[in-house]
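Copied over from TrEMBL, here are the features:
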DOMAIN    A:4-188  domain 'Electron transfer flavoprotein alpha/beta-subunit N-terminal'
BINDING   A:Arg210, A:235-236, A:249-253, A:266-273, A:Asn287  FAD binding site
Amino acid sequence: MPTVLVLAEHADGALRPVTGELLTAARRVGTPAAVVVGAPGAAAALAGELAAAGAEKIFVAESPDADSYAVTPQVAALQAAVEAAGGAGEVAAVLLPNTVDGRDIAGRLAIRLDSGVIADAVDLDESVVATLSVFGGSYVVTSQVTQGIPVITVRAGAVTAEPVAGAGEQVPVQFTVDPATATTVTAVHTEPAGDRPDLAAAQTVVSGGRGVGSADKFSVVEQLADALGAAVGASRAAVDSGYYPHQFQVGQTGTTVSPQLYIALGISGAIQHRAGMQTSKSIVAVNKDPDAPIFEIADFGVVGDLFDVAPQLTQEVSSRKG
Amino acid sequence: MKPGMNIAVLVKQVPDTYAERRLKDDGTLDRDAGEAVIDEIDSRGVEVALQLAEQHGGEVTVVTMGPQRATEALRKALAMGADKAVHLVDDALAGSDAWQTSAALAAALRTVGFDLVITGNEASDGMTGTVPAMLAERLGLPQVTSARKVTVDGTTLSAEKLIDGGYAEVTAPLPALVSVSEKIADPRYPNFKGIMAAKKKPVQTLSAADLGLSNTGGANAASRVVSSAPKPPREAGQKITDDGTAGAKVAEFLATERLI
Ligand SMILES: Cc1cc2nc3c(=O)[nH]c(=O)nc-3n(C[C@H](O)[C@H](O)[C@H](O)COP(=O)(O)OP(=O)(O)OC[C@H]3O[C@@H](n4cnc5c(N)ncnc54)[C@H](O)[C@@H]3O)c2cc1C
Ligand SMILES: Cc1cc2nc3c(=O)[nH]c(=O)nc-3n(C[C@H](O)[C@H](O)[C@H](O)COP(=O)(O)OP(=O)(O)OC[C@H]3O[C@@H](n4cnc5c(N)ncnc54)[C@H](O)[C@@H]3O)c2cc1C
């Protein structure tokens, strides 16, 4: 069986859920092997979890450089892991998460391996044919790499993790970073995740638009979200008006969401917003304007003031929960 | 090259995102379906380049690969204030994938000369977001992608770049490649003087043969579309007007659908 390499995504000594999803996709094609890139000691903390998630092998690429530089350590480590796994004839694919870093690593690696790339796959079959959801889900496209070892980034949350424990055999690999092409990371600022679910993976999302009117009044959106156990999203107009932080933007240039339930409050439903949410299972919209385009795709639309409807709904949801 | 900082900015012409976008049966973009515009993210890249050139001196060159009418995107960037343009145009390049696009753009960039290359973080049509990193690898440059702030001091570039869940502060030596994110800057509107001046600015055209490119075009791509199918559009459901009980009615709907 050929090997499928999976870049393990980890932070603060913990695996990100997408790693399990990638290992599940890898098992369809061949023998899943994880590649851990990190400071010395990083792999020891993750090995148990990786084996449980399905890694038969764990390529351990540790170096003090791993956290000092952006992207190029992972590129060099994956290249070394491809070699260690037997090279082109033995490696059926390299899978990475479709994050900013994941796509950068994929791009550089593809040139080093002389390979084609597929970005943002939502599914992968046993013959390494990837499924893409294009233009906000308006098209379903399948595509295939025809040159070199396929390098594929996979959307988080798209593949359901089905852990089958693997042997987790650790294999050290060496790599070096060329300082001439290296970007130095001097500081990292991440927000603590908080109590709400991750936007991209949430089962329910409540989003507010320009109609919310101010940052303070976004509490109306948050209260409904919390009653439903939902993530909070925002339109680009709401973000650009300073009502809500950028990382919560939903749409063409923000996060793509596909929850069971999406509630849009004071959002007109511009085509670029719809591109990021129209594959949601159920859509509820509240808007003052009966002609707002969001109603064209809403399963349940309310023509009304969100400051009347949302608090009443919050109350109903809370009381039904008892 | 002029003294100061010479910046090459990549701009792509794309179907307007305000209109419905279509794929042809072979999975390639239907470029005749709607209006073609300079990608909004690339107009932000041009803005950042102009601001840096205003601070440090030097020249801004805009570069595109695309069909004949992509010159409109170049003219828009020239009207904003860019100094000159390079248009890589050749039917042999049609249907390129990201790997081939990066090969062609890297070859064009080598003829331009630069201290800094600026791109968008993700084109609104292909959306692979991999071309910037591929270019950096081909050109032997450090890459700073999804930047929301960029400054240059001597030969050091400093930036804030988006990462999952936040941002990182990074530095890289010039020459380097930067891809910009949406929140970095709003593009300036070309004024009448700019539009008139743009008509006289040089636009150099290059063919695949000029750059010595081989194995071009969809038939030689490193990745290929196997199938492509439109999804039926969503249909509207029920719509009510709030009479003071709409919140409760939404709750009923959610309960019926087993969503609460
Ligand atoms: C290249 C490009 C990319 C883009 N990417 C994105 C993206 O990722 N995400 C995104 O969202 N947009 C994106 N946009 C912007 C998009 O075109 C719209 O401008 C944006 O979605 C509008 O946000 P909105 O619906 O909140 O604001 P508006 O369009 O201003 O709508 C506000 C709505 O609120 C309603 N309203 C006002 N007060 C109330 C009230 N009290 N109760 C109920 N309803 C009320 C109004 O009737 C109106 O319909 C992009 C645009 C471009 C060109
Ligand atoms: C729906 C769809 C899906 C696709 N999926 C894949 C895929 O999985 N793998 C693959 O290899 N190809 C894919 N392609 C083809 C790919 O879009 C083209 O090769 C494209 O030329 C480059 O990729 P991009 O648009 O994704 O660019 P991105 O990497 O998203 O673009 C980032 C930036 O690079 C610059 N840039 C990109 N192209 C040009 C250009 N022609 N001229 C000037 N600057 C440019 C711009 O500054 C842009 O903002 C797909 C195309 C479509 C329409």
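Including glycine, each Cβ sits where the backbone N, Cα and C put it.
All features noted in TrEMBL, drawn onto the structure.
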| residue | record | DSSP class |
| --- | --- | --- |
| A:Arg210 | FAD binding site | helix |
| A:Gln249 | FAD binding site | strand |
| A:Ile267 | FAD binding site | coil |
| A:His273 | FAD binding site | helix |
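In this model, the domain 'Electron transfer flavoprotein alpha/beta-subunit N-terminal' (A:4-188) carries an average pLDDT of 96. Each of the binding-site residues A:Arg210, A:Gln252, A:Ile267, A:His273 was checked for a CB under 8 angstroms from a CB of chain B; the ones meeting this are A:Gln252.
Its Cβ taken as reference, A:Ile267 (FAD binding site) is surrounded by 31 other Cβ atoms within 10 Å in the chains shown.
Shown in sequence order, A:Gly209, A:Ser235, A:Arg236, A:Val250, A:Gly251, A:Gln252, A:Ile267, A:Ile294 are the residues of the chain, 6+ apart in sequence, with a C-beta less than 8 angstroms from the C-beta of A:His273 (FAD binding site). Neighbour density at the Cβ, taken as the number of other Cβ atoms within 10 Å, is lowest among the binding-site residues A:Gln249, A:Gln252 for A:Gln252. For A:Ala270 (FAD binding site), the same-chain residues 6+ apart in sequence whose C-beta sits under 8 angstroms from its C-beta are A:Ser235, A:Pro293. When other Cβ atoms within 10 Å of the Cβ of A:Arg210 (FAD binding site) are tallied across all protein chains shown, the result is 17.
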